[in-house]
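Novice: Got these off TrEMBL a minute ago, pasting:
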REGION    1-20  region 'Disordered'
TRANSMEM  41-60  transmembrane segment
DOMAIN    47-490  domain 'Major facilitator superfamily (MFS) profile'
TRANSMEM  95-115  transmembrane segment
TRANSMEM  127-149  transmembrane segment
TRANSMEM  155-176  transmembrane segment
TRANSMEM  188-206  transmembrane segment
TRANSMEM  218-239  transmembrane segment
TRANSMEM  304-325  transmembrane segment
TRANSMEM  340-362  transmembrane segment
TRANSMEM  369-391  transmembrane segment
TRANSMEM  397-424  transmembrane segment
TRANSMEM  436-459  transmembrane segment
TRANSMEM  465-486  transmembrane segment
REGION    508-537  region 'Disordered'
COMPBIAS  509-529  compositional bias 'Basic and acidic residues'
Amino acid sequence: MDSLEPSSAPVARDPSRSAPPEFIHLRSGTPCGRRRKDWSCSLVVASLVGAFGSSFLYGYNLSAVNAPTPYIKTFYNESWERRHGHRIDLDTLTLLWSVTVSIFAIGGLVGTFLVKLIGKVLGRKYTLLVNNGFAISATLLMACSLQAGAFEMLIMGRFIMGVDGGVALSVLPMYLNEISPKEIRGSLGQVTAIFICIGVFTGQLLGLPELLGKESTWPYLFGVIAVPVLVQLVSLPFLPESPRYLIFEKHDQAGAEKAFQTFLGKEDVSREVEEVLAESREQRNSRLVSVLELLRSPSVRWQVITVVITMACYQLCGLNVIWFYTNSIFGKAGIPPEKIPYITLSTGGIEILAAIFSGLVIERMGRRPLLIGGFGLMTLFFGILTVTLTLQDHAPWIPYLSIVCILGIIAAFCSGPGGIPFILTGEFFQQSQRPAAYTVAGTVNWLSNFAVGLVFPFIQKSLDTYCFLVFATICLAGALYLYFFLPETKNKTHAEISQAFAKRNKAYPPEKKMDSAVIEDKTNGRPEPDSSSTLENCVKKRIV
């Protein structure tokens, strides 16, 4: 009873001196303490420049090849006729075009395997810079293929551009994960997905007939790739390397301190450096884990399974298939064929808005609700779309409902499943396992991408509009798995995330980590937290 008497009044009179920092921030209305301070100028520039020269190019190359398809096929015909004296037969032309489209995914797979080889030597920043060499080579080959009269240059350029994408989609999320404070790790990680969407939209926009989508100008669509490459080449060298890489791989503590100071925008970074040094001491006898070792390790078994399933659902959920039906659905809704490319731009705009929305709310809502909700809504919209496509000739308003379903599927995908899988891969694994983990994730990503392009024509031919039920099933299975097996990783350290998986892995993190943290707190003069303190418990539970 005495503890509830007014003897605690001084605490209430002067909260800035006696209440914990978290309580002060809750009273002042600033969520999660120092979130506003976490967004330094250097951090924003690093994420924008890194994504513009990396994930933007991946999205751009997904859509830029669609608009000039008839002109590229005409170019293949003319080149073949000049060499062999007769026009190319239809089957060979279809095969060449299929190779042109699908070889991008094969190049991405090759790029994924290169990450571990060059990432250890060059680091995150310089791997991104060197990766621009692939983009420049691909740009020259694709942009000059028409003038040279060699369609092989275009195919080879697509392959090399895929290698660039494979490296970029592994190294960029790793770089952003390692330079960001855990309080904004999700929001910063979503920059990768946002720029993929911006790249897709830019490819659609520049592919319009009034711009570069004409027979005489389609090679310039590929020449545009040089712009983001040059921006990254002149900007990224002035930004620091990942501080975690500097400590773990280069043992450069002074360089890591400077990097932390630049990225966090403050002078005192002793806490951040000490956190990384503590993790480095725990892993001082460990080396970079190979892919085989990662797959065999019992302590990360469920992390690997979760990454594989999430990344497979990312590609197999059917979003790419939506574009196959877009033109026909818009035509059934009464939109003139010449206006359809402009209406299609709305889908790219929806992608960008949904990805930005996800980046704004991910640190409030967490990863789980956005992922599970995204796949769940996609399941619902795919089911409705199957019905509307089957009955679209029965009433004039049904095609408009199909358009709403298409926009709903795109928004649901980009608000969660479109970017969070890349974030989870960086959060699940410790420093020595991360390159191998991104290799596994990238391999699943690109193989699934290739499989969809290869198998979908046969699925569509045999099932017609019912093919969307296949993708609805995949989305539902992904949502159920994530609901039962994915822990929330928002604002958590790697040790806390490992602890969440430990019961399923049947391999608990060593207790000495907790003990050493307590001993270190005592040595620094910080007392152990009293679990019986009502105020502390309220603060931890965010109860005001």
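The backbone N, Cα and C atoms fix where each Cβ goes, and this holds for glycine too.
Where the annotation comes from TrEMBL, it is an automatic prediction and has not been curated.
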Novice: Examine the transmembrane segment (304-325) against the transmembrane segment (127-149) and state whether at least 3 Cβ pairs sit under 8 A, considering only residue pairs 6 or more apart.
Specialist: no
Novice: Across the domain 'Major facilitator superfamily (MFS) profile' (47-490), what is the average pLDDT of the model, as a whole number?
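Specialist: That region's mean pLDDT is 87.
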Novice: Under 8 angstroms, Cβ to Cβ: which one of 95-115, 127-149, 369-391, 436-459 has the largest number of such pairs with the transmembrane segment (465-486)?
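Specialist: Answer is 369-391, with the largest number of Cβ pairs below 8 Å.
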Novice: Does the transmembrane segment (340-362) come close to the transmembrane segment (155-176), meaning at least 3 CB pairs under 8 Å for residues 6 or more apart?
Specialist: no
Novice: Which listed stretch (95-115, 127-149, 218-239, 340-362) has the most C-beta pairs under 8 A with the transmembrane segment (188-206)?
Specialist: 340-362
Novice: Who are the long-range neighbours of the transmembrane segment (95-115) in its own chain, taking Cβ under 8 Å and residues 6 or more past its ends?
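Specialist: Cβ under 8 Å, 6 or more out: 61, 65, 69, 72-73, 76, 88, 127, 134, 151, 154-155, 158-171, 435, 438-439, 442-443, 445-447, 449-450, 453-454.
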